[in-house]
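Asker: Have a look at this one.
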Amino acid sequence: ETEPLTSKKDVSDCNEGEDCKENGLLVRNPKSALRLVEDGNKVHPSQGDKGGAAQISNGYSGVQSSVPCNGRGELMELEDRETWSKKIDFLLSVIGYAVDLGNVWRFPYICYQNGGGAFLIPYTIMAIFGGIPLFYMELALGQYHRNGCISIWRKICPIFKGIGFAICIIDLYVASYYNTIMAWAFYYLVSSFTAQLPWTSCTNPWNTGNCTNYFSKDNVSWSLHSISPAEEFYTRQVLQVHKSNGLDDLGGISWQLTLCLLLIFTIVYFSIWKGVKTSGKVVWVTATFPYIILFILLVRGATLPGAWRGVLYYLKPDWQKLLATEVWVDAAAQIFFSLGPGFGVLLAYASYNKFHNNCYQDALVTSTVNCMTSFVSGFVIFTVLGYMAEMRNEDVSEVAKDTGPSLLFITYAEAIANMPASTFFAIIFFLMLLTLGLDSTFAGLEGVITGVLDEFPHVWSKRRELFVLGLTIICFLGSLATLTFGGAYVVKLFEEYATGPAVLTVVFLEAVAVAWFYGITQFCNDVKEMLGFTPGWYWRICWAAISPIFLLFVTCSFLSNPPELRLFDYNYPYWTTVVGYCIGTSSIICIPIYMVYRLIITPGTLKERILKSITPETATEIPFGDIRMNAV
């Protein structure tokens, strides 16, 4: 809160190269370092006495332009932006967002598929020159401008505001299928509270004649048509894909999965409805619990017979693979989707930081934790795969053919079911999957919520709970197609096409807009205002050239070789590729549409319209003691 203006003093002159302070107002020369006003509780010059204070030598306008006044000349109270209760709340939230289900299933598979230990070389290079600089850039943008993914563009480059709308649509697509995977995990969790896990035998109503339990004490031979009880439980009981003929005939909706998803969205709503004050507390559980479980599973896996075979297969380097282009493409895609820039989450979370928070340190810590988690998850998965190979008397490569969710819900679930104390390990494993997914869902929806509330504060700023309720209902209704008997086919389609190329395009344009339109120099000055030091040449080169090239490389590789989709025994027809690209395009089409709209509504000649559209509209308010000053 501020006090009425009573002071009639003028700001005194300053000597060159010195910072001066009088009446609580900082007067700074360009050469001096920014520092907080000690007497922030003092009053400021009134509008009538602003002659000496109207222009401040550090490039900030006087306080009159940033603080509203009432008719009596008194400063009105400014409503401060919500901030994290503690720094650790922010760190856990970012780590919880970045470390998700993909770290557990995607990285180990990508690693052994692309040369084992040799893959760590391109992975590390892509992280250093592509992933981490983009991660740092988004944290710095969000923290400095203190806005969500839509309204932030008014302060950077208004013509690119369509990026914010595209991000919101992408986040909604992700919410429509990602939470369904958690519903599968929840179904497994509920099914685990039995003395004998239901995917350990072939005597259940959903089993077929091909069901073969090679873990049984009888001598059972594994034939070409044999199907494990874990696979039949997943496909015929949980998903019930045998009741669907494919994407053109999805079948009915599974009421069991619908109830699971409804409960998950209920948990999500009551975790984020009040803002980061509540979600910052929930992540103390959802972000830390998976690490406890990973450690338990790692110790258990290391003591299983044949575990060494899996570790050897995971890390044995195949140096020839480094000569293949697709290995580098996979490394770039993996680090990018693992760290997760482009979803508006980092912008939203960082916008609730205190202005002088060290986001540089945060970026290095969280990205390192994320990469190390992926690496350790590989040991958790492959020790168990080695155990499976030992039990089946097969090669690890034969056991490790399952990819994606199947690796968790079939292969790993089957291994757990045949361990001592299987019920305990099944419960904690699927609890881990739930917590991994929940904080990523919190983050994705917070990206949309912050973006919309900052863009339309006059409509939603006092109605956050109502808006969050409407958003969760929309996401739940949008997920109904993934809850059908053929819902797994829809999840696969959305996973491959709705997010991948769209997010890559969004972050490429974001990097170009910041580096080449807003300006690297200006961006680095912003970082210096927050942190007190300017980013070095390494960061500048990455932001200006290497990171955009990195993104363009991955995007072009994806578009030139679209994935051939196959799930279980179903080959996706050709028309699904067209549908997939249409879904992906439906989000990024917002960017050119808004550019055209912006140029149409801006007055002047074409040149004047373009110049106005790439010039920041509004100044960024910089918290300065009890004052907010406008950077212009």
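Including glycine, each Cβ sits where the backbone N, Cα and C put it.
TrEMBL labels come from automatic prediction, so no person has curated them.
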Asker: TrEMBL annotation: Cys211 disulfide-bonded to which of Cys168, Cys202?
Answerer: Cys202
Asker: Mean pLDDT for the domain 'Sodium:neurotransmitter symporter serotonin N-terminal' (42-66), rounded to an integer?
Answerer: 35
Asker: Counting only residues 6+ away in sequence within the same chain, which have a CB under 8 Å from the CB of Ser338 (Na(+) binding site)?
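Answerer: In sequence order, the residues whose Cβ lies under 8 Å from that of Ser338 (Na(+) binding site) (at least 6 apart) are Ala98, Gly102, Asn103, Phe107, Gly131, Asn370, Cys371, Ser374.
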Asker: Going along the chain, which residues six or more apart from Cys211 (disulfide bond) have their CB under 8 A from its CB?
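Answerer: Set apart from Cys211 (disulfide bond) by at least 6 residues yet with Cβ under 8 Å, we have Cys202, Ile227, Ser228, Pro229, Glu232.
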Asker: What stretch in 90-108, 282-308, 328-352, 409-434 has the biggest tally of Cβ pairs under 8 Å against the transmembrane segment (162-190)?
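Answerer: Stretch with maximum Cβ contacts: 409-434.
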Asker: Output the single range from 253-270, 328-352, 409-434 maximising the number of Cβ pairs under 8 Å to the transmembrane segment (364-389).
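Answerer: The stretch with the most contacts is 409-434.
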Asker: Can you list, in sequence order, the residues of the same chain other than Gly96, Ala98, Val99, Asn103, Ser338, Asn370, Leu436, Asp439, Ser440 whose CB lies within 8 Å of the CB centroid of the Na(+) site?
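Answerer: Near the Na(+) site, the remaining chain residues are Ile95, Tyr97, Asp100, Gly102, Gly340, Thr373.
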